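Asks: My questions will all concern the structure given below.
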Amino acid sequence: MSAAVLRLALVGNPNCGKTALFNRLTGSRQKVANYAGVTVERKEGRFAAPSGREYVVLDLPGAYSLQAASLDEAVTRDLCRGFYPGEAAPDVIVCVVDATNLRLHLRFALEMRELGRPMVVAVNMMDVAKRRGIEVDLGRLASELGVPVVSTVAVRAGGAKALVDVLDRGCATLPPADPNTAGPTAADIDALHARTRQILLAAVRMPRRTAEIDDALDRWLLHPVFGLVALAAVMFLIFQAVYAWATPVMDVIDAGAKWLAAEVHHTLPPGPLTSLLAEGVIAGLGGVVVFLPQILILFFFILALEESGYLPRAAFLLDRMMSAAGLSGRSFIPLLSSFACAIPGIMATRSIQDPRDRLATILVAPLMTCSARLPVYALLIGAFIPRHRVLGVLNLQGVVLFALYAAGIVSALAVAWVMKKWRSDKGEHPLMLELPSYRLPHPRDLAIGLAERAGIFLRRVGGIILALTILLWFLLNFPAAPAGAIGHAIDYSFAGRIGHAMTAFFAPLGFNWQICIALVPGMAAREVAVSSLATIYALSTANAADAANALSPLIAQDWSLATALSLLVWFIYAPQCVSTLATIRRETNSWKQVGIAAGYLFALAYLASMLTHQIASRLGG
């Protein structure tokens, strides 16, 4: 404990405010990676105490017990014991507990204490506890636990000061490490529960009406009928907001991209460089960046629902429905995470204990509508669906977007049901989870979460999307058309030839050669399909300067409604993301499962798109 830089591990049950405390301590001095050998996220940050001492902080995965039932809990257990390969044992453990839910959280603190490592207990959300009339005697709690106990309010400035002071003052006097690092056995669990009850009686006073608000809300939000109606209403309003709130900002970004493309044509002489910048880079990247406001609005609601304590209740509410489909309520949060991106959603299946449920969740997670699909949906809906009002208040475009998301959800449940019929083990696995107290999301944590996701999106734009856009521009421009050629030069390019060759296979789906070309780079990232279409149409129209940022009206003129609907359906199902397939390989350690996922998703995409196009064409679309 005499080292100049101390390693501090933050541990605690899920929903205890641990990550909020991590954000409060480290601010922007964070980096995110994976632990060696597994796909469990590793969050590390740094901060300096007033004394000048430096701390390296690890935000360990949430755990309910050291008797690990998931990969997340195994990482937390092994790292705290000092057994994790390539990771030094922490110098001090900060066990974060929720002051409003000590009955559940103190048992884990007692388990952590048995490791014998220097430890501080941070009783978080004390402000909420006081408002609810909960009295926590910190001195008595410290005496009962045998370790220092401090009060924290992670969402407020200065809310971690007491913790930092204790770390600085108390590091030398914390309990020394015990060589006996064995975790609790099954026989110890009853004793831990009994000891927890003793500590609660000695150090905590809870009024009888503490849970009144939570109970009142839960009577409605967990009702088997009204709860489902409320959940559907919340999701529906989210998709309405994605269009209603984002449009003004999108218009500004779109106008900026148009102005920039026009300035390039005005400033530079005609030639390959001007074409690359205006029709390649600006048209391609501008066609994707314009959808950033919609993506951030979607993330805002997901983060707010997570912070509020509603998501575990939604998992509980949907458990019966998901069990009927061959999943469990524990699959809900990984599948909801897949609305942002299937990769973290698939990784989140580590919390599912049953291997069959976990595999089924992994295989259907790509059917959730990730944020990379949103640019494609927004482009086609904006081009073909009018901005009409339904029932006087609902945005028709938002209704269509909601229907696309719903189609992915229903398809995932249907596929899981089919998998269940093929499974030899058809037993039920009961869902047990903690329902945290409701709380208002803190703006600071929402801002940090949105900033992280905006950074990830923009890095993709500046990385893989930019690289593929430039590559596609090259393929669309070379070789040049021969002298006296009839038609657009793009028809004679490498990309033009590839697109025309693919047309025969995709003709039953109504896809033209431009769409076929866009599907190829779209395998790397779905949103690249939008930048590819923008580049293709910018290079294949007479007025390239105007076309560079007018993609919606161009495809509205060139495609039929049946083609647009067919492409929308294609993107519901097609696994147009190599990274997702790679994640399935890492999580299952099986190329067979990758082949199954890619095979059934492509087959589903082709058949559903073909049926959509044929039916829509016959109906006059």
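Here the Cβ of each residue, glycine as well, is placed from N, Cα and C on the backbone.
Feature table excerpt (TrEMBL):
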- 5-173: domain 'FeoB-type G' (DOMAIN)
- 12-19, 37-41, 59-62, 124-127: GTP binding site (BINDING)
- Asn23, Thr26, Gly27: Mg(2+) binding site (BINDING)
- 220-246: transmembrane segment (TRANSMEM)
- 281-305: transmembrane segment (TRANSMEM)
- 359-385: transmembrane segment (TRANSMEM)
- 397-419: transmembrane segment (TRANSMEM)
- 457-476: transmembrane segment (TRANSMEM)
- 559-582: transmembrane segment (TRANSMEM)
- 594-616: transmembrane segment (TRANSMEM)
Asks: Return only the integer: C-alpha distance in Å from Pro61 (GTP binding site) to Asn23 (Mg(2+) binding site).
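Replies: Spelling it out, the Cα of Pro61 (GTP binding site) and the Cα of Asn23 (Mg(2+) binding site) are 15 Å apart.
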Asks: So if I draw a 10 Å sphere around the Cβ of Lys18 (GTP binding site), how many other Cβ atoms end up inside it?
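Replies: For Lys18 (GTP binding site), the 10 Å Cβ neighbour count is 25.
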Asks: Given the binding-site residues Asn15, Asn23, Thr26, which one's Cβ is surrounded by the fewest other Cβ atoms within 10 Å?
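Replies: Taking Asn15, Asn23, Thr26 as the binding-site residues, the minimal 10 Å Cβ count falls on Thr26.
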Asks: Under 8 Å Cβ to Cβ from Gly12 (GTP binding site), same chain, six or more residues apart: give me those in sequence order, or none if nothing qualifies.
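Replies: Once residues fewer than 6 apart are set aside, Gly12 (GTP binding site) is near Lys18, Gly62, Ala63, Cys95, Val96, Val97, His105, Phe108.
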Asks: Six or more residues beyond either end and a Cβ under 8 Å away: which residues meet both conditions relative to the transmembrane segment (220-246)?
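Replies: For the transmembrane segment (220-246), the list is 293-294, 297-298, 301, 305, 310, 313-314, 316-318, 320, 374, 394-395, 397-398, 401-402, 405.
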Asks: Taking 3+ C-beta pairs under 8 angstroms (sequence gap of 6 or more) as contact, is the transmembrane segment (559-582) in contact with the transmembrane segment (397-419)?
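Replies: In contact, yes.
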Asks: Short question: which residues 6 or more past the ends of the transmembrane segment (281-305) have a Cβ under 8 Å from it?
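Replies: For the transmembrane segment (281-305), the nonlocal Cβ contacts are 234, 238, 241-243, 245-246, 249-250, 253-254, 257, 260-261, 264, 311, 314, 336-337, 339-340, 371, 374-375, 378-379, 441, 445-446, 449-450, 453-454, 457-458, 461, 465-466, 469-470, 472-473, 527-528, 530-535, 538, 547-549, 551.
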Asks: Between Met125 (GTP binding site) and Asn23 (Mg(2+) binding site), how many Å separate their Cα atoms?
Replies: 15
Asks: With an 8 Å cut-off on Cβ-Cβ distance and a minimum sequence separation of at least 6, pull the same-chain contacts of Gly27 (Mg(2+) binding site), or say none.
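Replies: The answer is Gly45, Phe47.
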Asks: Cβ under 8 Å to the transmembrane segment (457-476), counting only same-chain residues 6 or more beyond its ends: which ones?
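Replies: Residues 275-276, 279-281, 284-285, 288-289, 292, 295, 371, 490, 493-496, 498, 517, 521, 524-525, 527-528, 531-532, 535-536, 539 contact the transmembrane segment (457-476) from elsewhere in the chain.
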